[in-house]
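> From TrEMBL, here are the annotated features:
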type	residues	note
ACT_SITE	B:His111	active site, proton acceptor
BINDING	B:Asp104, B:Glu177, B:Glu179, B:Asp211	Ca(2+) binding site
BINDING	B:Tyr106, B:Arg120, B:Gln218, B:Tyr222, B:Thr323	substrate binding site
BINDING	B:Asp211, B:Lys231, B:Thr235	Mg(2+) binding site
DOMAIN	B:17-83	domain 'Fumarylacetoacetase N-terminal'
DOMAIN	B:103-366	domain 'Fumarylacetoacetase-like C-terminal'
Number of protein chains: 2
Amino acid sequence: MSSVTTAQSSSGFGLDHLPYGIFSTADGPRRVGVRLEDRVLDLAAATGRAELARPSLNDFMALGHDAWQELRDSLPGLLGTGDHQHRLADVELHLPIEVGDYVDFYASEHHASNVGRIFRPDQEPLLPNWKHLPVGYHGRSGTVVASGTEIIRPQGQRKAPDATAPTFGPSQRLDIEAELGFVVGTPSRLGEPVSTADFVRHTFGVVGLNDWSARDIQAWEYVPLGPFLGKSFATSISHWVTPLAALDAAWTELPGQDDPEVLDYLRVDGPAGLDIDVEVVLDGEVVSRPPYRTMYWSPAQMLAHTTVNGATVRTGDLWGSGTISGPGRDERGSLLELSWGGKEPFTVAGRERTFLEDGDEVTLRYTAPSTGGGRLSLGEVVGRIAPARTARL
Amino acid sequence: MSSVTTAQSSSGFGLDHLPYGIFSTADGPRRVGVRLEDRVLDLAAATGRAELARPSLNDFMALGHDAWQELRDSLPGLLGTGDHQHRLADVELHLPIEVGDYVDFYASEHHASNVGRIFRPDQEPLLPNWKHLPVGYHGRSGTVVASGTEIIRPQGQRKAPDATAPTFGPSQRLDIEAELGFVVGTPSRLGEPVSTADFVRHTFGVVGLNDWSARDIQAWEYVPLGPFLGKSFATSISHWVTPLAALDAAWTELPGQDDPEVLDYLRVDGPAGLDIDVEVVLDGEVVSRPPYRTMYWSPAQMLAHTTVNGATVRTGDLWGSGTISGPGRDERGSLLELSWGGKEPFTVAGRERTFLEDGDEVTLRYTAPSTGGGRLSLGEVVGRIAPARTARL
């Protein structure tokens, strides 16, 4: 009768993981489920709790850290009965959270340096503020979509360097950004900053995140107020949210923040980075393996920075790490870097590639060490590029 | 028995206006009200409709343009009975909308030119993209607050031009931005741009908006991804949302977009600007009168631009015009411009002033021509500066 497996799971979805998501069946509404191996436990049915019968995780996340832990502690028992379970193949998965504010950071030194070298080859690759604060900006929360959602090639203005005026049309430099996303559970109050030590109390969990980017649109628009339409058409996140409690074995030291030292509100004690491996898969071939442990800024620092001016965080707020790139050529988390601004094509399945083509499918996969000794598979992020809808304009 | 007044009202809140808001009384929950003179009609009670018994206007706004017009047509009749009305002084007013995405533009040529002259005195005041597209960026929707909310002076990093490293502390250059805000009612679909002609179908109404800005924090953080903590601590909007239908007499021609001509998706037919007058009141004295009719980019163009890449708009999305500044010295919508970067103090109540001081109260007032021949008073925006909460860090 028991359907509980051992903690160590070759699938990455064993009892040591138990990520949450929103699912529906043909005969029922969207509700909260938890994944074990290739099954989904209907938590609304299994617990009878109203906050788990909702179309997003938000009401549950808003209950706070103790409630998260209490439910997690009860899951082996609930799963052990074998009741209220569906085969993963029989359910439809949805966007897991109702997104409040979406903030995207720029926390990889290797990524920021690469971008600097590509666009400003004669200058210092990092801008003066970069090592003093985690640079970030607000993205569009209304276009955060679930893994699997078709990505329609955006149209917009772009101007060639030697052109006198911009032209309008489909983006010719459509790109990915392989990122990790963090989801706020417990809200904060206006005027009360969240310290780096309070990160665990406010953060519910982690998602995979692909911050689709139209580099040509972005290049023309972004001075002086930052990226807007070059990013706002779509941001994909995984169906599954890995609770922070499942990542206890993944914490690792940051690469180092000695020169310069950070200001007090950005200080962290102990391991503040995460040893999460990422794979970027383009049309079935792994083209890059960005290592999250190489990120300069930690998630706790991003949260502390976001709120140090007194701004609140709300349940459902999402922040992205920014593109994850390691030091190696095969550790770059964007096609901009992999093709060095489009000038050095790379080979996928025997073809030379730079930016995304219509019909391309991109999958981001994430794994993390487990307390059980194996590895967790975090929720993957899939997106296929559909042609621009030129006829509509 | 009738409490209906004539259409022309010296208060600006006559039958020709009828703005919507969210109110509560000591014995009841937040619900939708409409204002006539110094009274508020309880629309939940007067109509019995569920979407008007909500704590935000969103459910009503989501019904779409025909439903907005139908309710507006019924208001004189509902108000004529005298039932379900409260004195304005007896109710509490709240944030009128649940904000989806908040986008802030930069649509005043005079403002953008002034900022260019202040920060880049040796260069062209306008950047190359400025007349080709309405420059905008996403702000923080979670910190959009109702008029009257105390504004706590933000803390953060700022670096003096001659300093080698940033320091942390309360902003020393706290500023206002006098803007007009637009609220989306009818959502759009992913991949389907909203044309300039569809502006009226998607836009529910107009609010007053003060985009509080910490210039020193902003200056240090904003390259290359735009403003973040310099803006995200608070954005105040008016309690009252003026429906677009009340502004029929306010439409006016844009100042001109001939050089360069705009791309097709940004073209507008007929009067696309709004003849709205703004007053900036600092500690009881009018310090500026920015004219909205001088704005280069129209609200319909901002909406079309926001969606041209396929991004959706949602019910409750808010966009700000950017600081409204006219050509005159006394028509500037920010203290940055009024004090020319802090270098040319101006006098208020006999004292020399540059940026905001603790205890300052700022009120933004807006009026627009009415179809009745008088003027409407749009919802005002009030905020008082409270000292930074330095003890908390």
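Each residue, glycine too, has its Cβ placed from N, Cα and C.
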> Give me the Cα-Cα distance between B:Thr323 (substrate binding site) and B:Glu179 (Ca(2+) binding site), rounded to a whole Å.
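Each residue's Cα considered, B:Thr323 (substrate binding site) and B:Glu179 (Ca(2+) binding site) end up 5 Å apart.
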> Is any of the recorded positions B:His111, B:Glu179, B:Lys231 near chain A, in the sense of a CB under 8 A from one of its CBs, and if so which?
none
> In sequence order, which residues at least six apart in the same chain have a CB under 8 Å from the CB of B:Tyr222 (substrate binding site)?
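Once residues fewer than 6 apart are set aside, B:Tyr222 (substrate binding site) is near B:Phe228, B:Gly230.
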> Given the binding-site residues B:Gln218, B:Thr235, B:Thr323, which one's Cβ is surrounded by the fewest other Cβ atoms within 10 Å?
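Counting other Cβ atoms within 10 Å of each of the binding-site residues B:Gln218, B:Thr235, B:Thr323 gives the minimum at B:Gln218.
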> Starting from the Cβ of B:Asp211 (Ca(2+) binding site), draw a 10 Å sphere and report how many other Cβ atoms land inside it.
26
> Distance check, please: Cα of B:Asp104 (Ca(2+) binding site) against Cα of B:Thr235 (Mg(2+) binding site), rounded to an integer number of angstrom.
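With the alpha carbons as reference points, the distance is 10 Å.
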> What does the DSSP secondary structure composition of the domain 'Fumarylacetoacetase N-terminal' (B:17-83) look like, as residue counts for helix, strand and coil?
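Helix/strand/coil tally for the domain 'Fumarylacetoacetase N-terminal' (B:17-83): 28 helix, 15 strand, 24 coil.
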> Have a look at the binding-site residues (B:Asp104, B:Glu177, B:Glu179) and report the one with the fewest Cβ neighbours inside 10 Å.
B:Glu177
> So if I measure Cβ to Cβ from B:Lys231 (Mg(2+) binding site) and keep only same-chain residues at least 6 apart in sequence, which ones fall under 8 Å?
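Long-range Cβ contacts: B:Asp104, B:Gly139, B:Arg140, B:Asp211, B:Trp212, B:Ser213, B:Ala214, B:Gln218.
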> From the centroid of the CB atoms of B:Asp211, B:Lys231, B:Thr235, the recorded Mg(2+) site, which same-chain residues not already listed sit within 8 A by their CB, in sequence order?
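Going along the sequence, the neighbours come out as B:Asp104, B:Gly139, B:Arg140, B:Glu177, B:Leu209, B:Asn210, B:Trp212, B:Ser213, B:Ser232, B:Ala234, B:Gly320.
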> Measuring Cα to Cα, tell me the gap between B:Glu179 (Ca(2+) binding site) and B:Tyr106 (substrate binding site) in whole angstrom.
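Cα to Cα, B:Glu179 (Ca(2+) binding site) and B:Tyr106 (substrate binding site) are separated by 10 Å.
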